[in-house]
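A.B. asks: The substrate binding site annotation in TrEMBL covers H25, R51, E341. Summarising the annotation, TrEMBL assigns domain 'Mandelate racemase/muconate lactonizing enzyme C-terminal' to 168-264. The Mg(2+) binding site feature in TrEMBL is assigned to D217, E243, E271. The site 'Increases basicity of active site His' feature in TrEMBL is assigned to D294. Per TrEMBL, the feature active site, proton acceptor maps to H321. Taken from TrEMBL, the feature site 'Transition state stabilizer' covers E341.
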Amino acid sequence: MAYTGLPRIKHVRAFTVRGGGADYHDQGAGHWIDDHIATPMARYPEYRQSRQSFGINVLGTLVVEIEAEDGTIGFAVTTGGEPACFIVERHLARFLEGRNPAEYEKIWDQMYFSTQYYGRKGLVVNAISGVDLALWDLLGKLRGEPVHALLGGAVRDELQFYATGSRPDLAKDMGFIGGKMPLHHGPAEGIEGLRKNIAELATMRERVGPDFWLMLDCWMALDVDYATRLALAAHEHGLKWIEEAISPDDYWGYAELKRNVPRGMLVTTGEHEATRWGFRMLLEMDCCDILQPDVGWCGGVTELLKISALADAHGKLVVPHGSSVYSYHFVITRHNSPFAEFLMMHPGPSEVLPMFHPQLIGEPVPVNGRLRASALDKPGFGVELNRDLPMHRPYAR
Ligand SMILES: C[C@H](O)[C@H](O)[C@@H](O)[C@@H](O)C(=O)O
Ligand SMILES: [Mg+2]
């Protein structure tokens with residue numbers, strides 16, 4: 001019987017939603033994730049206390065829906081909001097409607113190279129990622145398989161997670177394998193701020209004991225000199241890795257920082273990097289020990305497959321930036337992705353909440369810091385969209 005492909009794509013729709021979810025920085029007041037966290041904008045005192053003050057949550061969530069001619073709908077969420085809806089409906093949709101959803105390589109190629117003149121990283125690749133993730137969700141639903149099965153299958157029985165949040169001590173009690181804290185003070189707060197950063201780390205080390213992983217997430221806020229001094233001072237408190245310490249554009253700075261940090265301390269980055277070409281730069285300039293692409297921002301699953309293979313050939317780990325089921329289905333299929341990130345979205349954070357809460361119905365969460373592969377066995381990414389949320393389709397066709 002001749003191969004006729006899968007039911008063709010009939011509609012691509014793009015919506016925006018506010019309030020947490022994939023734009024997880026879009027939280028209410030008093031949340032740990034917006035409490036005096038060091039950023040590149042902290043050099044301006046008026047933007048130092050809150051990242052929302054300079055617009056970290058300005059975009060909101062992009063929801064991409066892809067409907068096949070048999071009525072099956074695949075969807076995905078990522079960061080992008082209304083401008084990403086424009087890119088999806090006015091530019092990218094033409095490369096999907098009428099097509100076989102199994103042709104994700106050609107579709108990705110056309111989405112990327114048709115937007116290369118104004119995209120390549122950031123919002124445009126977020127939009128491409130959202131479409132690609134929705135396509136993989138649709139593929140899984142049409143084939144009756146979870147995405148991890150489409151990617152070659154699980155290589156282990158369960159996922160283990162480290163937790164990102166302000167309370168690694170609580171994360172340890174919840175069974176996570178480590179705790180990554182946001183850095184609160186950057187270079188603009190001088191030696192006093194550096195001392196406070198180290199004091200916070202020392203306090204947590206005291207609380208969690210000598211073996212629990214402790215990491216610092218510096219969210220692009222530092223320069224090489226400050227990051228080096230921070231790493232040297234943090235070494236006595238057993239810092240496992242220093243994350244995204246400097247600008248994602250400063251590949252040279254990362255290579256220097258990686259030479260500077262104490263032996264045994266890891267340098268990590270990548271959540272604001274995009275495509276195989278961006279990660280090739282990080283690998284070939286020896287910028288880091290662990291690559292942390294966000295599958296909703298780096299180009300989607302189709303691109304993460306390429307990034308991961310390149311990293312594996314260089315002997316590097318790929319531990320995707322927290323992106324809920326969209327990274328879990330990938331991580332469980334790759335040997336060079338031995339654990340995953342879980343971003344604590346509870347304001348405390350004193351309890352485990354689904355990472356993209358409240359947007360995904362059936363979103364699995366770690367129990368005792370782990371998630372069985374069997375929890376990921378529904379078709380596609382195994383979640384449904386919470387259609388009770390107020391969704392807006394600004395560029396309906
Ligand atoms: C906790 C960090 O400041 C960011 O908010 C977080 O999104 C990201 O950097 C991470 O690695 O989880
Ligand atoms: Mg980070």
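A Cβ is built for glycine as well, from the same backbone N, Cα and C atoms used for every other residue.
I'd like these features described in context: how deep, what's nearby, how far apart.
C.D. replies: According to DSSP, E341 (substrate binding site) is assigned to a strand segment. The Cβ of E341 (substrate binding site) lies under 8 Å from the Cβ of F161, Y162, T164, K180, Q292, V319, P320, H321, G322, S327, each of these being in the same chain and 6 or more residues away along the sequence.
Averaged over the domain 'Mandelate racemase/muconate lactonizing enzyme C-terminal' (168-264), the predicted model reaches a pLDDT of 98.
Over all protein chains present, the Cβ of D217 (Mg(2+) binding site) has 23 other Cβ atoms lying within 10 Å.
Just so you know, the Cβ of D294 (site 'Increases basicity of active site His') picks up 24 other Cβ atoms within 10 Å once every protein chain is counted.
For H321 (active site, proton acceptor), the Cβ neighbour count at a 10 Å cut-off comes to 25, with all displayed protein chains included.
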A.B. asks: Determine, to the nearest whole angstrom, how far the Cα atom of E271 (Mg(2+) binding site) is from the Cα atom of D294 (site 'Increases basicity of active site His').
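C.D. replies: Between the alpha carbons of E271 (Mg(2+) binding site) and D294 (site 'Increases basicity of active site His') there are 5 Å.
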A.B. asks: At the level of the C-alpha atoms, what whole-angstrom distance separates H25 (substrate binding site) and D217 (Mg(2+) binding site)?
C.D. replies: 15
A.B. asks: Which of the three DSSP states, helix, strand or coil, fits H25 (substrate binding site)?
C.D. replies: coil
A.B. asks: Quick one: Cα separation, D294 (site 'Increases basicity of active site His') versus E243 (Mg(2+) binding site), in Å?
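C.D. replies: Checking the Cα atoms of D294 (site 'Increases basicity of active site His') and E243 (Mg(2+) binding site) gives a distance of 14 Å.
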A.B. asks: Centre the Cβ atoms of D217, E243, E271, go out 8 Å, and tell me which other residues of that chain have a Cβ in range of the Mg(2+) site.
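C.D. replies: Result: K180, C218, W219, E244, T268, T269, Q292, H321.
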